[in-house]
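Q: Have a look at this one.
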Amino acid sequence: MADFDAVLKFWGPVEADYTSHGGLVLTRLFKEHPETQKLFPKFTGIAQADMAGNAAISAHGATVLKKLGELLKAKGNHAAILKPMANSHATKHKIPINNFKLISEIIVKVMQEKAGMDAGGQQALRNVMAAVIADLEANYKELGFSG
């Protein structure tokens, strides 16, 4: 519970502008881990130089961060939020679990840079994301997806 509270202390700036923060998260994910861009068919034709400020990337990034906000505010009681997300990401999008670990680290960096998240907050976010990803992976296994 303390980890969720530690992260939520820094969530305000992100919540105030999901679109720009989300665009930054996905753009950085695609630049640092180019293989992840292939998992998003609607973004495969976008050149790296054109990613920053791309409306579609920013919109999807906002969706990602809004969902993360829901998970954070649930403070661990997130089964009802996570199950449909696990279902779509396993059965429809086929997103390997490792990609959630990659984006988690990008989110930590963006939170540090843009929301002033300190070392304690960064560790708390890593702890929260590890717990969420473990639960996501358990859902994947139930669905028979070994991503």
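Just so it is clear, glycine is given a Cβ too, placed from its N, Cα and C backbone atoms.
Quick paste of what Swiss-Prot says about this protein:
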type	residues	note
DOMAIN	2-141	domain 'Globin'
BINDING	H60	O2 binding site
BINDING	H60	nitrite binding site
BINDING	H89	heme b binding site
Q: DSSP-wise, what's the residue breakdown of the domain 'Globin' (2-141) into helix, strand and coil?
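A: Secondary-structure composition of the domain 'Globin' (2-141): 114 helix, 0 strand, 26 coil.
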Q: Which one, from the binding-site residues H60, H89, has the smallest tally of other C-beta atoms lying within 10 Å of its C-beta?
A: H60
Q: For the domain 'Globin' (2-141), what's the model's average pLDDT?
A: 97
Q: What does the structure give for the C-alpha distance between the residue listed as 'O2 binding site' and the residue listed as 'heme b binding site'? Integer Å is fine.
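A: If we compare the Cα positions of the residue listed as 'O2 binding site' and the residue listed as 'heme b binding site', the gap is 14 Å.
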